[in-house]
Structures are given as structure tokens and as C-alpha cells.
């Protein structure tokens, strides 16, 4: 997707559809930085005064710039607090985002720039109080500013403190990005990629540094290279207030903010209860400070205006300056400029390493505007001196201090000439709208100039920031990749465990079904065997009964025949009596046989019942044996499955352990590679910085050497002038002496006296000339020696400074390397402990599961045996009640089918 195409509805809703160039008019540049430029503007529809921050998202790092714009817009939309800048909207125009906010007079840093001295303690407390209220609001919503400094703490006309510039802000806490401005960075931000995450406490550190900045006009380590300052902050003690004039309350507040350990650093809400913030102060302290600053800015701009008007007046009246006048004027302006730069020391020129978008497009050069506008006033002054003076006084007739031409519409202008067009521009200058500010015109001009001059340093810092950001992305990408790999590995192992559990469950179900089928089959076989056994006994008993009945019939016949024979032999017994005796005998025999048959049937029934009962008992015992065999088979199967599961878990643990060690090694290797690359880049940056400083010093020395002949010539001319003055004095003295001698000596001696005086004058002039030559030679030698010594001293001081910075870098890198190695060792130990603990838990789990399985085995077998024993006892008791004795020793009959 092309950046700015706004195809995503959610992104499109972030921007207004109006044309910003038509909506906002009278744009005047009021600030410049790495992101681009900030303009004063007026809403053409509502006449509301606003500030417009233009951010280009074209060129290099387009995607990053666009994402940063989206992040800042989303961040600003969330803010609703009196101590944060009010967001008005955002517009897009030709790959440039117009971020519109409420207009503020300037920043706390501008106060230092204008007054050229630290703020008073009550003023610092008032500014800090407002900033803390804004930070408390941000931190409550888990937001981090990450670029707190005096330049980002703005002031409004009523004296309201506003936090601004959220280009570095984070919408998540904790965070771990390397962002901010070097001198104000907290140690944990510098070490973010190496040691982990940070939270809103980084803003508290930056606020403490800002307090020192307001109290000493610049932050600690400001005279140091920005990169070296990072190394210094990361490994040295926290800075403190240097001067003893500050109160103990202020000192404690700063020390409280600058605790090295983030956990010991207070939160914003805690600092709001600090006595430094809560103590009484004048209610209008900030309003009075703003008014004094506006008055001072008015005077500065008036002074600059008068200087430019004087220069242009001289050029118009006298033409170009001659060489000597030009050199003198250049020297004066150069010394003034050097004094101004040395005294002010622009803090805004420090490039912020926050994610920001750079816009190289800006308005016309403000100095050119001042020159053009001054020339216009000059034309009017030539026409009417009184009008010119009046115009000069009305340039700053209100609190509106300085003026900028409309941004983006400046064209190269011709040399100032008293023409009609110049007069019209002068009229435009007089009638153009002014606006209130606490930032002088020269400060804005210097910011633009320094922004252009320090492009190399800014690019170096930006490149370093991009490298750290890229390294962080690489680490996050690798961590995500390793996490995905570990998740996939664990999912695979989990599936394997689930598959094993499912297979085990299926096997147990199959075994249970098999055992049920076996039991049912055995029951059917037992029922068939019992039926067959009963039928066999009944058949045998039927056969025995038949045999017994046949035997009785035979015996009955024999007895009958025997009785008949006995009766036939007995002839004495009457026939009737014989018949009766035979009948009675038959009846007795039949009765006996009937009793014997009944007894046999009873015995057979008892035998049948007893043997059937015994057979049932045998079937029951056999069923018990089958149940015991089944439960042992099931328990053995479970044990085998559990052992296989445990072996699989051990294998999984070992494979996970190998993967964890391999991933840790991969992550640590990448981290060390990135640190080596970072250290190499830092070293290259430092060497490049050293070379640049040496080149600048060499260039300065070359310029001094080139300038030395002019300086020597001027000094030689001064000595020559002294010599000429001395010669004139001696000539006058010679004339006076000659006249006196001629008056007091006879006329005939005049010739000799004149010759003597002439020789004496010649001798003295020769001595004077020799002294002159000697003075010139000594002066040249001393100046050359002095220049050589000064340059050598500067070279020595620079070498010492660069050596100290290099040693600081080496110490920082050694510390980072040692900390990283210690971190790696801790990670390895932590992993070893985790692996060891996990293995111990696994072994304990295996032991517990085996013990539980053994307990289950014992309990189930015990339960089964007890149940079977109760069942056997119940069966035997019932057998006893049925009249059967001990069935255990009962033998089957020989004809038993078994």
C-alpha cells in the first residue's frame, strides 16, 4: 500500500480531508528540528491561532516515517488533559502530514536562551509541577513520553505548562525501544535492548535531568559528545546539582528523581506530594516570567533590527564597504556572534533519537527576511526620517515580538533598492499580523542553521538509532520464531501423548470387550456342561433304576416259584390257606420291593442334587479363576501402557531439553553478534567523530595560520606607527636641541655642532631602527611561538578528550559485554534449573503414577478376592442349609463325563 493512500478506513479516519494550504494561512516558522519545522498559523475559517508541525514521509525510511506519524496521531487523539498539548487535527498534503495543535508561546528551554541565566527555584518548581501533572496523567493510562526535556515543556500565555512532542512516546508500558534525546535518557533506556524493559520511571529520570538543565542552563555531560554521553550515563553514578545555592528540598527532589535503580525511583504521583512541589510560591510566578521573557525578546529583536538597518543604511549611502572597514565590521560581528553562541549554547540542536520524521522543506531564511524587511524600512526612512523612527518603534508595539514570512513562499530577492516594490514590502511588514512568543528571531534562525550544520551528527545518531531498532526487531523476530517452534514442538508432543492415551484407551476397551466375550462364552460352555452333566446323571440313574426293577422282577419270580414249590410240597395245608399265604407273601415281597425302589429313588435324587451343587461350585471356582486372570491381564496391560507412556514422557522431556538449549544458544549467539556489531558501529562512529573533531581543529588552525599574516601585518603596522611617532618626537627634540645649541654657541662653531647633532641623530635613528627591526622579529617569533603553543595545547587537549571518550566507550562496551555474558550465564542457569526441576517433577510424577497403579492393582485384586471369597462362603453356607456336607472333597463318579 502506498503511504498516505488511506485505503484502510481506520487510518483514513485519523486525518481530515480539507486542504491544509487553504485552511491555514499566515504560516511563520517558529521552530526547527529533526522532524521538520513548526509554524505559527491561523485557521482561515475560525481565525483560531494554531501551531502546525509539518512532517514529510517521503524519501528514505518512508514506511518508518509513516508509521511514526500514525503512532503520534493516535497518541495525541488519546490525550485530554490541561497539561498536555491540545490536538486539533491532522491533514495530508503531497507526502507531508500537517499536525495541528494549540499554539504555545515557547518552551522552557527558550527561557534559558533568552535570559542567558538559570531560572529561579520557584520558577523551576512551577514548571516541574505542571510537567508532573501531565506525566501522572500519562502514566496512569500506561503511556510513556520518553523525551522529557526543557525543549518539550511548553508554556501558554496564561502560564499553563504543557507537555509536547509525542513523537517518541510509547502507547504501551513496559516498553523496550531505544528512543529519546541522549543527554536526558535514563540508563534503562540506553540498556533497553540489553537488559530488558522499562516503564514510566524513565520520564521521571528525564524530568530530574530537566531540573538540572533549568538550574544550570544545560543538562549534565552537555560538553561531551552525544554518543559518549550515552556510555557515561549507562555506567556512571547519577548526576547532581553542582551549585550550593539551591535549597536542600530542591536537591533532594532532583536526587529522588535520579535514582539509578528504576524500582527505587518515585512515581509522578509521589513526586507531586514532595515538599519541593507543595511549598508555597507566588501564584503568578510563571506569568511574570513569561512577561519578562517577552520583554527581553522584544529588546533582542529591536536590537537586531537596528543593527541590520544600520548596515543597510551604510551600504545604501556609502556603497560597498572598503576592505579595512569590512574586516573591522566582520571581526566585530564575528566576535559578537561567537559571544552569543558561547553564552547561549543551543540545546535544541541536539538530535533526538526518537522515531521522528524529517522534513527538509522549510520557510525562507529568517535572516534574509529581516534584511529585506529592514531594507524596506530603510527606504521609508530615506523618504521621511521621522516616519522611519516611528515605524521602527511600532514594529513591536504589542507583546507580539518577532515576525516570519509566510512559509513555503519565499523567493530569492534582489539587492535592496529604494524602489516601489521595496516600499510595498515595507508597507506589508508594517501591517502584517504579529504574534506573541518567547523565542527570539535569532534563535529560530540559529536553530535552522545548526540543523543544517549538524546534519552529519544527526545522521550518525539516527543511523545508530535505526541499528538499535533493527537489532531489536531481529531479536523479537527470532524470539517469535523460536516461540513458534517451541509451540509447534509442544503441540506435536501433546498430540503424541493424546494419541498414546487414545490408543491405550482403545486397547483397554478391546481387552474389556474380549474379556466380556470370554466370560459370556465360558458361561455358555459352563451352562452346557452343567446340562450335560445333569443329563448324564439322570441317564445313569434311569439305567440303574431299570436294572434294579428288572432285578426285583426276577427276584419276585424266583420267590414266587419258590413259595409255590413249598406250597405244593405241603399237602397238609388246605388250598385256601395256601392261597392266602401265597397272596400275603406276594404282598410282603411287593411292599419290600416298593420300599427298596423308593429308597433307591431317594438316594438317586440326593446324589443328583449333591453332584449338581458340587458342579455349580466347580463352575463358580472356574469363573473366579477367569475373573482373576482377566483382572491380572487388565492390570498388566495398564502397567505396560503406563511404562510406555513414561518412556515417551522421558523422551519428550529430553527432546524438549535439547530444543530449549539449542534455542537459547541461538538467541544468545544472535544477541552477541548484534552486540559485537553494535560495538563495532559505536567504535566506528567514535573514530569518525574523532576524525571530524581533528579535521575541524586542523581547519581552525589552518585558518589561524592564514589569518596570522594579516594579524602580524597589523601588529607590524602598529610597531611601525610607534616607530614613526618616536622618530617624529626625536626629530622635534633634535630641532629643539639644534636651535638651542645654535643660540648658545658662536656662529663659527655652528657647522661642527650641526655635523655633530646630525651624526647623533643618525646614530639614534639607526639604533631606533634596529630596535624596531628587533621588536618586529621578536613580535613575529613570539606570535608564531604563541600560536604554535596554543595550537599544540588545543591539539593536546583534544587528544586527551578523545582518548577519555574512547576509554569511556571501551569501558561501556566491556561493561555491556560482561553484563550480557552474565545475563547469558543467568539464562543458562535458569534453564538448567527449569529443566532439572521439570525432570524431577516428571520422575516424581512417574513414581506417583506407578505407586498409584500398584495401589490400584492391589486394591482391585483384594476387592475381587474378597468378593469371590464372600460368594464362595455364601454358596457353601447355602449348601450346608440344603443338607450337603463338604463339597470340596467330593469326587465325581467314574462315569462322570469329565
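These residue numbers are counts, starting from 1, taken along the chain as shown.
Glycine too: its Cβ is placed from the backbone N, Cα and C atoms.
Copied from Swiss-Prot, the annotated features are:
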- 30, 31, 32, 33, 34, 35, 36, 37, 38, 53: ATP binding site (BINDING)
- 349-366: compositional bias 'Low complexity' (COMPBIAS)
- 405-416: compositional bias 'Basic and acidic residues' (COMPBIAS)
- 357: phosphothreonine (MOD_RES)
- 316-375: region 'Disordered' (REGION)
- 405-424: region 'Disordered' (REGION)
- 565-596: region 'Disordered' (REGION)
Binding-site residues (30, 38), the one with most neighbouring Cβ atoms at 10 Å: 30
All-chain count of other Cβ atoms within 10 Å of residue 32 (ATP binding site): 24
DSSP helix/strand/coil residue counts for the region 'Disordered' (565-596): 27 helix, 0 strand, 5 coil
Other C-beta atoms that fall within 10 angstroms of the C-beta of residue 36 (ATP binding site): 23
